[in-house]
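Quick look at what Swiss-Prot annotates:
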type	residues	note
SIGNAL	1-20	signal peptide
DOMAIN	21-82	domain 'LCN-type CS-alpha/beta'
DISULFID	CYS31-CYS81	disulfide bond
DISULFID	CYS35-CYS57	disulfide bond
DISULFID	CYS43-CYS62	disulfide bond
DISULFID	CYS47-CYS64	disulfide bond
MOD_RES	CYS81	cysteine amide
Amino acid sequence: MKGMILFISCILLIGIVVECKEGYLMDHEGCKLSCFIRPSGYCGRECAIKKGSSGYCAWPACYCYGLPNWVKVWERATNRCGKK
C-alpha cells in the first residue's frame with residue numbers, strides 16, 4: 001500500500017515538474033498559423049517540427065500540445081498580428 005502511494009505521488013510530481021506548453025502556432029508575422037485550406041494532417045506535422053507531441057486544426061488555426069518552452073505561441077495579451 002505504501003508502495004502504491006509512493007508511486008502515485010511520483011507520477012503526480014513528474015506531471016508538475018515536466019510542464020509542456022500548448023497553444024496556437026504563430027507565423028512569421030505573429031499571426032496564428034492558418035490551416036483553413038491546408039491538407040489533413042498539416043497541423044500535426046507543423047507541431048511535430050516544433051517538437052510538439054500532437055496538434056490539430058482548431059479551425060482556422062493550428063493548435064499544438066506538448067510544445068517545448070522555447071516555442072512561441074500566440075497569446076491575446078501579446079498579439080502583434082497585423083500591427084506594425
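Glycine too: its Cβ is placed from the backbone N, Cα and C atoms.
When secondary structure is read from DSSP and collapsed to three states, CYS57 (disulfide bond) falls in the strand class. The number of other Cβ atoms within 10 Å of the Cβ belonging to CYS64 (disulfide bond), over all protein chains shown, comes to 27. For the disulfide-bonded residues listed here (CYS57, CYS81), the lowest count of other CB atoms within 10 A around the CB belongs to CYS81. CYS62 (disulfide bond) counts 27 other C-beta atoms within 10 Å of its own C-beta, drawing on all protein chains shown. For the domain 'LCN-type CS-alpha/beta' (21-82), the predicted model reports an average pLDDT of 96.
Counting only same-chain residues six or more apart in sequence, the Cβ atoms lying under 8 angstroms from the Cβ of CYS47 (disulfide bond) belong to LEU25, SER53, SER54, GLY55, CYS62, CYS64, TYR65, LEU67. Nearest to CYS81 (disulfide bond) in space, judged by Cα atoms and limited to the disulfide-bonded residues CYS35, CYS43, CYS57, is CYS35. Sequence-distant neighbours of CYS43 (disulfide bond) (same chain, six or more apart, CB under 8 Å from its CB) are LEU25, LEU33, CYS35, GLY55, TYR56, CYS57, CYS62, TYR63, CYS64, listed in sequence order. Of all the disulfide-bonded residues listed here (CYS31, CYS35), the one with the fewest other CB atoms within 10 A of its own CB is CYS31.
DSSP labels the residues of the domain 'LCN-type CS-alpha/beta' (21-82) in these numbers: 11 helix, 21 strand, 30 coil.
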